[in-house]
Amino acid sequence: MPSFDEVLKEAGEFGRFQKRVFFLLCQTGITFSFLFASVVFLGQTPENYWCRIPGAAELSERCGWTLEEERNFTVLPLRLANKSSSRECERLDTAWDTSTSCANPLACYSNRSTGSLPLTACHDTWVYEEPHSSIVSEYNLVCSNAWMLDLTQAILNLGFLAGAFTLGYAADRYGRILIYLLSCLGVGICGIIVAFAPNFTVFLIFRFLQGVFSKGTWMTCYVIVTEIVGSDQRIIGIVIQMFFTLGIMILPGIAYWVPNWQGIQLAISLPNFLFLLYYWAVPESPRWLLTRKKGEKALKIMHDIAKHNGKYLSPHYSEITVSNEEVSNPSFLDLIRTPQMRRNTLILMYAWFTSALIYQGLVMRLGIVGGNLYLDFFISGAVELPAALLILVTIDRIGRCPPFAISNIVAGIACFITAFLPEDLPWFKTTVATLGRLSITIAFEIVYLVNTELYPTTLRNFGVSLCSSLCDLGGIIAPFLLFRLAAIWLELPLIIFSILAIVCGLLVLLLPETKGISLPETVEDAEQLSSHYGKCGKKRKHRDTSSYI
């Protein structure tokens, strides 16, 4: 019986059918990036807000004050008498009632000397000139509650982490497309609930769940695309990440035209319902069907692929080789049971963690100079486009390992040099830091492809999801590591980033080169990748490589 790759060559490795499925699933990258980076616009801190004195609303109504007049009576004394005061986070320690004068509500403090007005911390009585324009004003995430805004992003990353374990496991057990569609439905429903959350607790719960389901859509679509194309076309996985960058560039446009955070949240969540139409357009992965002993269904899908590609399967393709490997529910032990799988898993987990930590750390540190948030954010996304183009130009010529290792090492060197460049050369320092960001972006995008190619079909979705969960852990740690170490020495985080990146660059040299090799179907195939192709692209002459190239 022919193997799956033989049938795929006959049906077309990247014909009209695969191109259509690829384009449809690429849209997932756009919506995933919307959620990933949306906190920048959902959580904008209002430029002007102040703390209302108890009873001020009633007094303002009785006296006929405008909001500006009430603000002057409340904030102006703090400016004049308490110049060291944090005006947004404190208020005068008083209360206004019916006996308070409309003309001079602070008459009781007329005999106080300058700078001696009593103050108290503000608690949930802030007034925003643009009410409910962001989650900050909606849930009062300012002053002593400002850390809760960081919590919203940490909760989202925890959702990604949970989704990597649960939905990665489910996709290997129940099927790729089923989990993809359920995840799209979950993202849409949870996104609507987040937009109309009655309180901050409900907001956090469903933002976490939205992260869970969103990770399911992103990782599963990546695996589906990789499994239905030939070995020479697997680099199209890099193009999916270009759609992620495209989403980063589109997001500021949405935020600019939509006036409030609820509208932004709905705009980035509702498109996920459109992906439910893929039920009629995207089939189950035939590779996965074969691992589940469903050869007839897999063959039917292959006939459909051939038909759409304008080809015809030979009559002797009545069956496809079905894996003899016993399929069980995947677990972490499956990824570390054999020597090569264990080495690959540990290195990939470290690579995911390092890439995410350095990428997010450099983005937060470098930023974009200027006052226009929307334009700055667009430019920061455009900077990442050359990364995917460089990968596409090099990865099929020199392999996966060399650019993977070089990009990490260059990122580490760039971080180290940036840390010691003088401040009076800001343009040069920014240029070197940008080189570091470009390099770590390349590493970040290559790890997706390499991770997919090193695991057998029986464990691929679970393996990718589990290893990439370290990415989410890195995303959670990044802001704390950056800001805590920067408090000691501003450039100390760059030194840490440098060490992590260079170590990662050396470790990935131990991974097998996968350029031009068929995707492994079983654990045995995955183990043989190293012996048949050597480390980082060095062929071993005493082995026959014809069946792998």
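Every residue, even glycine, has its Cβ placed from backbone N, Cα and C.
Caution: TrEMBL annotation is automatic and unverified by curators.
Lifted from TrEMBL, the feature list:
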type	residues	note
DOMAIN	110-516	domain 'Major facilitator superfamily (MFS) profile'
TRANSMEM	21-42	transmembrane segment
TRANSMEM	154-171	transmembrane segment
TRANSMEM	178-198	transmembrane segment
TRANSMEM	204-225	transmembrane segment
TRANSMEM	237-258	transmembrane segment
TRANSMEM	264-282	transmembrane segment
TRANSMEM	347-368	transmembrane segment
TRANSMEM	374-395	transmembrane segment
TRANSMEM	402-421	transmembrane segment
TRANSMEM	427-450	transmembrane segment
TRANSMEM	462-482	transmembrane segment
TRANSMEM	488-511	transmembrane segment
Interface present between the transmembrane segment (21-42) and the transmembrane segment (462-482) (three or more C-beta pairs under 8 A):
no
Counting CB pairs under 8 Å, which listed stretch among 178-198, 204-225, 237-258, 264-282 touches the transmembrane segment (374-395) the most?
237-258
By Cβ distance under 8 Å, which residues at least 6 away from the ends of the transmembrane segment (204-225) in the same chain are close to it?
21-22, 25, 28-29, 31-32, 35, 151-152, 155-164, 166-168, 170-171, 176-177, 179-180, 182-187, 190-191, 193-194, 197, 236-237, 240, 269, 272, 275, 282, 285, 448, 452, 460-461, 464-465, 468, 472
Taking a Cβ cut-off under 8 Å, which residues six or more beyond the ends of the transmembrane segment (154-171) line up next to it in the same chain?
35-36, 39, 179-180, 183, 204, 207-216, 219-220, 223, 329-330, 461-466, 468-469, 471-473, 475-476
Contacting positions for the transmembrane segment (237-258) when only residues 6+ beyond its ends and CB under 8 Å are counted:
22, 25-34, 36-38, 41, 221-222, 225-226, 264, 267-268, 373-375, 377-378, 380-382, 384-385, 388, 391-392, 395, 445-446, 448-449, 452
Taking all residues of the domain 'Major facilitator superfamily (MFS) profile' (110-516) together, what is their mean pLDDT?
82
